[in-house]
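Copied from Swiss-Prot, the annotated features are:
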BINDING   GLU259, GLU261, ASP278, GLU281  Ca(2+) binding site
CARBOHYD  ASN364  N-linked glycosylation site
TOPO_DOM  1-50  topological domain 'Cytoplasmic'
TOPO_DOM  521-678  topological domain 'Cytoplasmic'
TRANSMEM  51-82  transmembrane segment
TRANSMEM  91-111  transmembrane segment
TRANSMEM  141-160  transmembrane segment
TRANSMEM  161-180  transmembrane segment
TRANSMEM  236-255  transmembrane segment
TRANSMEM  282-310  transmembrane segment
TRANSMEM  325-342  transmembrane segment
TRANSMEM  400-420  transmembrane segment
TRANSMEM  421-440  transmembrane segment
TRANSMEM  500-520  transmembrane segment
Amino acid sequence: MEELVGLREGSSGNPVALRELWSPCPRLRRGIRGGLEWLKQKLFRVGEDWYFLMTLGVLMALISYAMNFALGRVVRAHKWLYREIGDSHLLRYLSWTVYPVALVSFSSGFSQSITPFSGGSGIPELKTILSGVVLENYLDIKNFGAKVVGLSCTLATGSTLFLGKVGPFVHLSVMIAAYLGRVRTKTIGEAENKSKQNEMLVAGAAVGVATVFAAPFSGVLFCIEVMSSHFSVWDYWRGFFAATCGAFMFRLLAVFNSEQETITSLYKTSFPVDVPFDLPEIFFFVLLGAICGVASCAYLYCQRTFLAFTKTNKLISKLMATSKPLYAALAATVLASITYPPGVGRFMASRLSMREHLDTLFDNHSWALLTRNSSPPWPAEPDPQHLWWEWYHPRFTIFGTLAFFLVMKFWMLILATTIPMPAGYFLPIFIIGAAIGRLLGEALSVAFPEGIVAGGVINPIMPGGYALAGAAAFSGAVTHSISTALLAFELTGQIVHALPVLMAVLAANAIAQSCQPSFYDGTIMVKKLPYLPWIRGRPINSHRVIVEHFMRRAISTLARDAALEQVVKVLTSTDEAEYPLVESTESQLLVGIVQRAQLVQALQAEAPARASGQQRCLQDILAGGCPTEPVTLTLSPETSLHQAHNLFELLNLRSLYVTSKGRAVVYVSWVERQHTGF
């Protein structure tokens, strides 16, 4: 039924819907609507992207700060309960373990009941999406609440589980970016654009890192390295603008809440600026990078192997399929019991928060030299002025506690990564790297108690500088990124160790990238997500490989002059999502692509004509409205492996057809690329 129309009073005859005439205050409503349209035109004259990117940064900063503010009080409440519950070891043990076990169980159960996409880091799935793969419902805004609640419960466990929030927060930021992208499309009234959507997603990923660490530069660069192998320069300003807005608002909220006097870095250090390190120490920084590279290879291999074991073991896989909260509770019980302070946790500084772990590890004083002639006490509660005392035990010494911390956290973090709940794994890796650097720095301070002589000047060794380099090197090696060096500088506000830290990161990455896939790529492989495998180490013999060596030989084509019975036979005998369309059976000249779903729909509509006995061919179906897609890019059998790989990465393609003199030959996809052996 058509809508009734009328004429406005005093109009020249332009019709208007009666619903608008009969609505309350029609003139006022028209005036407000016109004013809003005028305001939108004026504001969007400079570009609508600025407003949505700024909104994205501010929203994520508010969420990040509110989460930190609330969870900080929850963690303090847990510590108060543990402190005030009495001297009974049983009660203290229960107060230490039951709290995180309950939170982890709720986090796993709640998030998994709402959506199965909320568990884990989220970065591997985002990397898959940005490579051109569509993961249904992964970025829906309805998943936002499940991720926030689950992540909040995970972080409320404190250092008991030793998990962070970088990965899940990047996922949250990308979900908000996708939602704002849809709002932007409706606001300006344009059609949905895939490239515009990806621009917002990339900016959202950068904002996620920036609002966790208040580090806009490293946030953008880290996402460039981790999320994609090729990055459009056009997206640079979007990422930096949104990340800067988010980082600025995040630190500004701390000033407004009287937590800081002004905008400063998250972790304060006091490295001397005049001579932070001697020239001979460069060798030890490079050695530290090599150690972190080897350690990262061991960690990546063990983590990927154990994660695959949990998916193939019958008992664990059944438990994960039927009762994820139970598995989470069992794993949390093990982790919480080990960190119980009067027990083994005494030798792991388990009473410190993750922030306090980094604050103490970045201390520029040598603990080994300070405890050489005196033993500091182990207070009933951590002393805010001497938090480093938590790392000392008269029987273990500083070296024993640091080594024990590394050994235990190594496998405990691997176990924690298998718990199906929202959690980040970057900050724990960063702290483990800082402990590796601290251990080497303490050893050097004992070996050279007066410092290293260089140019006739003796300067003491600062273990905190080695901790900073170790944190950047190990986390960079695990994630295959160089920007962790810049992240270390932004976190501490110090750049005096720029050269040695960067050299350590480069040495660690050189070893890790030649031996193991990154943490996120390994997770993609274990989860069997669609991915384009990287060419590891780019060996020289890989340049001799051409498409003809690994292309798919069998291919089903549809000719324009093919009878419908032959088309139906091809559809029923294969399950391809799309078929190459050729000019004729004899010529095999590739002219387009037809989608399976659209072709099946067209054939179903053609069923009455076929039943009447009319002889029809595929050309009749195509002329009747079945859409075809043009072939804009093809490969040659002589195209090299590296050229094909770069095309897949640059254009976010999943498959390409191979033609010879215009004739459709074969088909190449990610699957064939995986079988090349490089």
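Glycine residues also receive a Cβ, built from the backbone N, Cα and C atoms like all the rest.
Quick caveat, the model's predicted, so the values are computed rather than measured.
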Positions on the same chain near the transmembrane segment (236-255), where near means CB under 8 A and six or more residues out: 49-50, 53-54, 56-58, 60-62, 64-65, 199, 202-204, 206-207, 209-211, 214-217, 219-220, 223-224, 261-264
For the binding-site residues GLU259, ASP278, GLU281, the one whose C-beta sees the most other C-beta atoms within 10 angstroms: GLU281
Recorded stretch that, among 51-82, 91-111, 141-160, 400-420, 421-440, has the most CB pairs under 8 Å to the transmembrane segment (325-342): 91-111
Overall pLDDT of the topological domain 'Cytoplasmic' (521-678), taken as the mean: 75
Inter-residue C-alpha distance, GLU281 (Ca(2+) binding site) and the residue listed as 'N-linked glycosylation site' (nearest angstrom): 15
CB contact flag for the transmembrane segment (282-310) and the transmembrane segment (141-160), at least three pairs under 8 A: no
Inter-residue C-alpha distance, the residue listed as 'N-linked glycosylation site' and ASP278 (Ca(2+) binding site) (nearest angstrom): 15
Neighbour count (Cβ, 10 Å) for ASN364 (N-linked glycosylation site): 19
Chain residues outside the transmembrane segment (91-111) and at least six past its termini with a C-beta under 8 angstroms from it: 78, 81-82, 85, 118-119, 146-147, 149-151, 153-154, 156-158, 160-161, 324-329, 331-333, 335-337, 339-342, 419-422
DSSP three-state assignment for GLU281 (Ca(2+) binding site): helix
